[in-house]
Amino acid sequence: MSSSNDHVLVPMSQRNKNGLPGMSSRGARTLAEGDVLSFHHITYRVKVKSGFLVRKTAEKEILSDINGIMKPGLNAILGPTGGGKSSLLDVLAARKDPRGLSGDVLINGAPQPANFKCSSGYVVQDDVVMGTLTVRENLQFSAALRLPKAMKTHEKNERINTIIKELGLDKVADSKVGTQFTRGISGGERKRTSIGMELITDPSILFLDEPTTGLDSSTANAVLLLLKRMSKQGRTIIFSIHQPRYSIFKLFDSLTLLASGKLMFHGPAQKALEYFASAGYHCEPYNNPADFFLDVINGDSSAVMLNRGEQDHEANKTEEPSKREKPIIENLAEFYINSTIYGETKAELDQLPVAQKKKGSSAFREPVYVTSFCHQLRWIARRSFKNLLGNPQASVAQLIVTVILGLIIGALYFGLKNDPTGMQNRAGVFFFLTTNQCFTSVSAVELFVVEKKLFIHEYISGYYRVSSYFFGKLVSDLLPMRFLPSVIYTCILYFMLGLKRTVEAFFIMMFTLIMVAYTASSMALAIAAGQSVVSVATLLMTISFVFMMLFSGLLVNLRTIGPWLSWLQYFSIPRYGFTALQHNEFLGQEFCPGLNVTMNSTCVNSYTICTGNDYLINQGIDLSPWGLWRNHVALACMIIIFLTIAYLKLLFLKKYS
């Protein structure tokens, strides 16, 4: 759904002491009231492994002694690909792995507070909003988890409505954002929705990672105009950007140029051309300054070639060969350190209290939450249910397939008889049900993989705890997607097949299928948690279930397997379900009707099994009640183990880049 809203100039309203936009009685905040972010001697190194057989670890410097200050206004970080602009942005936002990081980031001269990641806003490059929800529902989710519970619902709704109006999202407020399967709002509206998610907490500092990526030039210009008006209300807006056009560049208040992790320029954006001219690089008429800066850094600009041509003869006479051969980046970095602009910045940074800078930052601690575990659990489960209903191709389709498959299997095995062929058919349908429950549970691998980026962003931003997210997703997935198919299978097949006609046996079969589905899904979660690619987790699951089928008890009699391999049967999920279903159905059944005891003994002696008990004994299944329930106990233990592994993998997942 496209909209002209991308190109509408939206006036930003004033803000009061409570930070509520559009409700001010005191007037707008001035620039002087905004937060000032300064960074001192920022150096960031990472360890890079190389080699195949012999792994060598080398240290790579991403940022090298970066100093600067970001004041209220538009602060742009510009540079070539791989220059370190996104790394610097993440460091300033306290979203970089603190290992390998040195230096200080201060807010108004003081270390970043422990809740800095929660109190500031961060808009990621790829908009991580729930596509199956509307714009308003996404904002409601952010408000419900990031605003204090003491704040009344009507106050939260008032803030949401104000932000929607501020961002020009009135016409699409109740439209779905859109997914890869369903069309939704436009790219510019999606970007503004992401910004609105962060404005819920009314942050004084807002970070954006390449906010114009994926947008056309007109929409990108509209987004930057919106950010410009927001900055005039006293916000410090810091963002990385790649090759902005001139209409966007002239909006910048401050410009930071990075290349190879070194600072090329940091100061007022409008002084950048004059600065480069003083370095000997003159921008051609009608050339975009942003493109010119990148061309100079990359050594591709005609200005660079012209400068070299004019000065080459003089340089050959006066400079040493080593200095003449220095890369442009090294020369520009050295020129900046000796420049007047750097001296002014350094003097301003030195005015900050030294004692405070040495305290260090606590911003890398765990997020500070303003809502309880139960409150977070309820909202996560609610959003997940809505997301499930918003993807009918995944939820409704699975239920329809379950009904159709159940009817087909019921027709194939319809009216099982109490004879030797009936025993074989019963074993066959039980084997199919347990293995089918396992393979259909492979879809659970998507539960954490698809939303990995969304989870990491929301967790770091202080939306919820890992435990709240984990159990909320379990409630929303295991109940409808694993419970209902098991109930449907049992209700359809039990009566079409003519299985044991007791209420107890009916519910035991249903419970067994549910336990198998839950165990297989838990295994899928344990394998997939922390993965980035669904196909890898799916492949591992499929291979695992194929091996489990071999030890389920139908394809080979488990008593005939050698002791060096027989222990693998205890790791087979289908085996426990298959054994429980057989015990539930065959115990006490007669399959040679009309035969007396003598003839029955003859049948047994000639290897014809006529009773369910004999069949169970032949399969090595204990006839006692414990022979049934120990399978469910084993499945329950496996569920606990797999879910614990999945939770720990989420808990210790690398959440910082």
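Cβ from N, Cα, C; glycine included.
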Next on the checklist: If I look at Swiss-Prot, which residue among Asn338, Asn600 would I find recorded as N-linked glycosylation site?
Outcome noted: Asn600
Next on the checklist: Tell me if Gly422 and Lys654 end up on the same side of the membrane in Swiss-Prot.
Outcome noted: no
Checklist entry - Which candidate, Cys592, Cys637, does Swiss-Prot give as the disulfide partner of Cys610? => result Cys592
Checklist entry - Out of 1-25, 76-100, 151-175, which range is noted as region 'Disordered' by Swiss-Prot? => result 1-25
Checklist entry - Quick one: which of Asn316, Asn596 has N-linked glycosylation site in Swiss-Prot? => result Asn596
Next on the checklist: Can you see whether the transmembrane segment (478-498) and the transmembrane segment (633-653) are touching - at least 3 CB pairs under 8 angstroms, only pairs 6 or more apart in sequence?
Outcome noted: no
Item to check | Candidates 396-416, 429-449, 507-527, 633-653; stretch with most C-beta pairs under 8 Å toward the transmembrane segment (536-556) | outcome: 429-449
Checklist entry - Is it the case that the transmembrane segment (507-527) and the transmembrane segment (396-416) have 3 or more CB pairs under 8 Å, with pairs at least 6 apart in sequence? => result no
Checklist entry - Residue counts in helix (H, G, I), strand (E, B) and coil for the topological domain 'Cytoplasmic' (528-535), per DSSP? => result 3 helix, 0 strand, 5 coil
